[in-house]
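According to TrEMBL, the protein has these features:
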type: DOMAIN; residues: B:94-304; note: domain 'ABC transmembrane type-1'
type: TRANSMEM; residues: B:31-52; note: transmembrane segment
type: TRANSMEM; residues: B:93-118; note: transmembrane segment
type: TRANSMEM; residues: B:130-155; note: transmembrane segment
type: TRANSMEM; residues: B:167-192; note: transmembrane segment
type: TRANSMEM; residues: B:217-238; note: transmembrane segment
type: TRANSMEM; residues: B:285-307; note: transmembrane segment
Amino acid sequence: MKLKKLLLFMMLSALLVIAVACGSGDDSNDTGTDSTGGSDSENGEEATSGEAEGQLVLSGSSAIQPLMAAGAEEFMGLNAGADIQVQAGGSGQGLSQVADGSVDIGNSDVFAEEKEEIPADELVDHRVAVVGMGPAAHPGVGVEDVTSEQLIDIFTGEVTNWSELGGEDVDITLVNRPDSSGTRATFVNYALDGAEPAEGITEDSSNTVKQIISETEGAIGYLAFSYYNDDTVLPLKLDGVEQTDENVTTGEYPVWAYMHSYTNGEPEGLAKTFLDYMMSEDVQQVIVPELGYIPSTDMQVERDAEGNQTDVQ
Amino acid sequence: MVMAAQQQTVHDRLLKKNNRNAEKIERKGKIIVYGCATIIILATISITLFLMTKGLQAFVVNGVNPISFLTGLDWNPTRSEANGGPVYGALPFIFGSFAVTILSALVAAPLGVGAAIYMIEIAPSWGKRILQPVIELLVGIPSVVYGFIGLSVIVPFVRQYVGGQGFGLLAGTIVLSVMILPTVTSIATDALRTLPNGLRESSLALGATRWQTIRRVLLPAAWPMLLTAIVLGMARAFGEALAVQMVIGNARTIAESLTDPTGTLTTIITLNMGHTVQGSVDNNVLWSLGLILLVMSYIFIIIIRFLSSRRSF
C-alpha cells in the first residue's frame, strides 16, 4: 500500500515538474472565483462588521507590500472568516498576474498603461496611497538645495564633483535602481524630466541604496520618503521645496507616485470589501502615514497615466 | 535437534520460504530507483526545453537581433523611442560573468589545492581535523550572508585601501573566491585521497623527497581531478547571483579596471525579473540571459566530463 502511494506521489511530482516547466503565463487558475461572501456595502463601516469571508490573493510591488500586509492583518483581525495572502515580487509580476487572473489584486507603483503587454483597459485602478520620493545624498556633500537643472546635470554625469555646485570637493557617486524599477521610472520622469541617468552603482532594494549612500562619501541616489527616518542620508531640497508629505499633497513637490491596486474588472465580494476597507478613514489616516506613505484621500492634486497633473475637483 | 530446527528456520527465512517475497522487494526497490532517475531526467529535460522556448522568444517573437544581443555593448531596455528606442546588448554582462568567474578561480584554485595537499599529504591527522570542519562550515554559510559581509566589510575596505567606489570586480572576486573555495578544496581532497598509496611509496622508495613526490608524482596523477574541482568551482561562481549582486555594483558597462562597478548575467536577471511583465520584450531578454547561463553550465559539464575521462590512474 505504502509503496503504491509513494509511486503515485512520484508520478504526480513528475507530472508537476513537467506541467510547471511547460506551462506559460497564460494558463489562468482563477482564484478570483474563490472570493465568495463579503458584504456588498459601499462604505468601509460595514466592512469592519466581521461578516466578510473568503480568500484573497494579492501580489506585486514590494514598495506597497508593507502597507498591504498591515492592512490585510488588521482586516483579518476584524473578519475572522477572511484569509488574505500578500505576496511581493515586483510591479510587473503583480500586473501580469492580475491580468491573467491568477491573483485577485495586483499591486503596482506604476500605471498599468506604462507597461507593455498589459491589457490596461480591462484593469480597474484603486489608488490606495501615494509615495513621495526624491534625491538623497551623503550628509557630507555640502549641498542642501539643488535646482532641477543641477539635479539633471548630476544624474546625467555632466557634473562630477560636488564643488561645482558649491559643495565639498568630493566626487559624485551615483546610486541607481534597476532599469525597470518603478521608483527609477518615477524619479526619471518627474525629477529628471525624462533624462537618462548615467551609469553608476545599481541596487535593487531601497535599504541597500540607503546604506550605500550613508557610507559612501559624495554618493547620491533616490529614496522614498519613508526611508528618511534618521540622519544617515540627506534629502536634498528640489528648487527650494522640501521633501515633505505636505508639499506632495499640495502639488508643490513633483516627485511622487501612486501605489496602485489593480483588479481585473470591477471588484466584487471580498476584493471589494477589502479595497473599501483600505480606503476607509481607519487605514488612510492611521496605517498609511504610520508606514511612511501619504493617504491618497489627502491629495489635492491628481495625475493621469500620461503624467498630467491637475487639481482635485 | 533444536539447533537443527533453528538452522532450518534461518535457512528458510533467508533463502527459501520468502524467496518470492524477496523478489517482490527487489522489484519494488527497482521501481523506486528507476522512478527517481526518471523524474530527475525529466526535470532536466523540461527545464532545458522551457528555457529554450522562453529564451529564444526575444529573437523569434520580438525580433531582437541575436548577434547584436551577444556583441552589443549597450543595455538599455527602458530607453524611450525619442532617444532611439530600447537596446539590448548583453556583452557587458557576459564579460562581467566571465571576468569575475575566472578571477575568483585564479584566487581559489591555488588556495583550495594547497589546502587539500596540506590536509592529505603534509599534516594528515591534525591538519585534517582542523581544516575539514572549517571548510564544511564555509559551505554551510548562505550566500546572502557572504553578500552582506561583502557589502559591509569588503566594499569599504576596497574603497579605503585600493580605490574607487568599493563596488566592483575586485569586491566580487574576493567574495566569490571564498564562496567557491570549499567546492575546490573538498573535491581536490578527494582527488588526492583516492590516489593509490603505491604511488607515494614507490616514489619515496626511489629516494624522492616529500616535496618531489607531491610535485612530480601526486599532482600530475591527480591533475584531471584537480581541474575538475576548479571547473566545478567556476560553475558555481558563474551561477551565483545574490552575493555578487550586493557587491559588484551592477553597472551596465564593461569594467575597465578591477575597481570599476560592472554587472553579471545573474545579477541583471535578479534585479529586473520582478519588475518586468511576463511576455514583454524586457522580460524575454532576461530569459535569453538565462539561456546563456544554461548553455554555459552545459559547457562546464562537458569540460568536467572530458577532464574526468582523462583520469590517468
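Note that Cβ sites are derived from N, Cα and C of the backbone, with glycine treated the same way.
Any TrEMBL annotation is an automated prediction that lacks curation.
Predicted, not measured: the structure shown is a model, and the values here were computed from it.
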What parts of the chain pack near the transmembrane segment (B:93-118), using Cβ distances under 8 Å and only residues at least 6 beyond its ends?
70, 75, 127, 131, 135, 169, 172-174, 176-181, 183-185, 188-189, 191-192, 214, 218-219, 226, 229-230, 233-234, 237-238, 244, 248, 252, 254-255, 262-268, 289, 292-293, 296
Is the transmembrane segment (B:31-52) packed against any residues at least 6 beyond its ends, judged by a Cβ distance under 8 Å, and which are they?
287, 290-291, 294
Remote residues contacting the transmembrane segment (B:217-238) - C-beta distance under 8 A, at least 6 residues beyond either end:
97, 100-102, 104-105, 108-109, 112-113, 117, 121, 176, 179-181, 183-185, 187-188, 190-192, 194-195, 199-200, 203, 208, 266, 293, 296-297, 300-301, 303-304, 307-308, 310-313
